[in-house]
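Peer 1: Pasting a structure here, questions to come.
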Amino acid sequence: MLRMRVRPPSAIPVFLIFVLLPFVLTSKPITPHYGPGHITSDWCGFGDSRSDCGNQHTPKSLDIPQELCPKFSSRTGSSMFISMHWNNDSDFNAFGYSNCGVEKVFYEGVNFSPYRNYTCYQEGSFGWVSNKVGFYSKLYSMASTSRCIKLINLDPPTNFTNYRNGTCTGNGGTAKMPDNPQLVIFNSVVKVSTQFVLPSSSDGFSCTKHLVPFCYIDGGCFEMSGVCYPFGYYYQSPSFYHAFYTNGTAGLHRYICDYLEMKPGVYNATTFGKFLIYPTKSYCMDTMNYTVPVQAVQSIWSENRQSDDAIGQACKSPYCIFYNKTKPYLAPNGADENHGDEEVRQMMQGLLVNSSCVSPQGSTPLALYSSEMIYTPNYGSCPQYYKLFETSSDENVDVTSSAYFVATWVLLVLVIILIFILISFCLSSY
């Protein structure tokens, strides 16, 4: 009679199963640090008093770690929007913003908000919020393919005669007309054309593109001395044309701006009649051969001042990552109620170290990937985050770090292989 010898299963595979399985089942994700971050040291920031170490109330006035001030181009009371449109005077604190970095963090904008209650004509302060959204949307988009940004002055035209500069009618006639673009009103209706030059470089900075404002006043013709004059003009070059014209019945006049990306070159600014604008400043930018989304942090006042959501509206995927505050602006340990917000200070801590990933969920120093792999095309969609599921919004509800994700699945595969080995071993014993 044949006897079947059954060998007992090896204790080693069973031991491995019981040792590895708990790791598979209990591995946990690493929570990213919510706020802006950077992958390399080649980064820069743009700000206001909350990142200006020249402020007399530093460090209590800061929302960033004090040691990061050299990384930021900042001025108390200013913003990139204010500096685009106005010169430095008693009404507006303009600043020559200039900075370079592959990665960019923007934390400014609050100094021009509905709290200022500015209106030039009848657009109201919220009409200027729309202009602000348009400006930052174009700025962020252009900056995502640029390393350097510099505000530059343009040479004024010299061939004008018999004209006066335009003025605002809002705020009882006390509102200061934007200096950029400059509006001029001629004494007579004549077709006038003047040239302006967008340079290809400025003080050692390469300018392969310029952010230029084109502003106009809508609402039909303008009544002057019993005559209603059409309102219109255009910018033109052999490869560029942008215009506005209206000759309808005079109505509600609003000051509206388009923000244009223009290449270096010589352009004509030409009037259709009595009014003309020409640019006096531009944001000069170079061009990178890849795209790195910029990062913008919500810039608001405390609850005692009226703010807007222009930064959030302007900062959109794929060219910008927006970090929204979850609480009102609160500064119990700051210089005043509008400087030293605790939440933003915590958000900005992520800028103190290089991270391996920057995403809408935040940044983390843990990753299995190099910076070269992240810049193109994964900056903003981090390789070390595994998307568990998508939602109808732009952000993922949950993410898991790849270190744990990869380890979990490797261990799971090993356990499955060991189970098959054990089964095969048992079957072969019969």
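Every residue gets a Cβ built from N, Cα and C, even glycine.
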Peer 1: Choose one of Cys44, Cys69: the cysteine that Swiss-Prot connects to Cys53 by a disulfide bond.
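Peer 2: Of the listed candidates, Swiss-Prot names Cys69 as the partner.
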Peer 1: Among Cys44, Cys148, Cys168, find the residue that Swiss-Prot gives as the disulfide bond partner of Cys120.
Peer 2: Cys168
Peer 1: Can you look up which of Cys207, Cys221, Cys228, Cys257 is joined to Cys215 by a disulfide in Swiss-Prot?
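Peer 2: Between Cys215 and the options Cys207, Cys221, Cys228, Cys257, Swiss-Prot records the bond with Cys257.
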Peer 1: Which one of Asn111, Asn354 shows up in Swiss-Prot with the note N-linked glycosylation site?
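Peer 2: Swiss-Prot records N-linked glycosylation site at Asn354.
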Peer 1: What does Swiss-Prot give as the disulfide partner of Cys284, choosing from Cys148, Cys207, Cys382?
Peer 2: Cys207
Peer 1: Average the pLDDT scores across the topological domain 'Virion surface' (28-404) and report the rounded value.
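Peer 2: Result for the topological domain 'Virion surface' (28-404): average pLDDT 89.
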Peer 1: Quick check on the region 'Esterase domain first part' (16-133): DSSP residue counts for helix, strand, coil, in that order please.
Peer 2: 39 helix, 17 strand, 62 coil
Peer 1: In angstrom units, rounded to an integer, how far apart are the Cα atoms of Asn88 (N-linked glycosylation site) and Ser49 (active site, nucleophile)?
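Peer 2: Each residue's Cα considered, Asn88 (N-linked glycosylation site) and Ser49 (active site, nucleophile) end up 16 Å apart.
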Peer 1: So, in DSSP terms, is Asn247 (N-linked glycosylation site) helix, strand, or coil?
Peer 2: coil
Peer 1: Using the structure shown, find which entry in Asn88, Asn159 (the glycosylation sites) has the sparsest Cβ neighbourhood within 10 Å.
Peer 2: Asn159
Peer 1: Within 10 Å of the Cβ of His339 (active site, charge relay system), how many other Cβ atoms can you find? Include all protein chains, please.
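Peer 2: Taking every protein chain into account, the count is 21.
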Peer 1: Out of Ser49, Asn117, Asn268, Asn289, Asn354, which of the recorded positions is least crowded by other Cβ atoms within 10 Å?
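Peer 2: Checked Ser49, Asn117, Asn268, Asn289, Asn354; of these recorded positions, fewest Cβ neighbours within 10 Å: Asn289.
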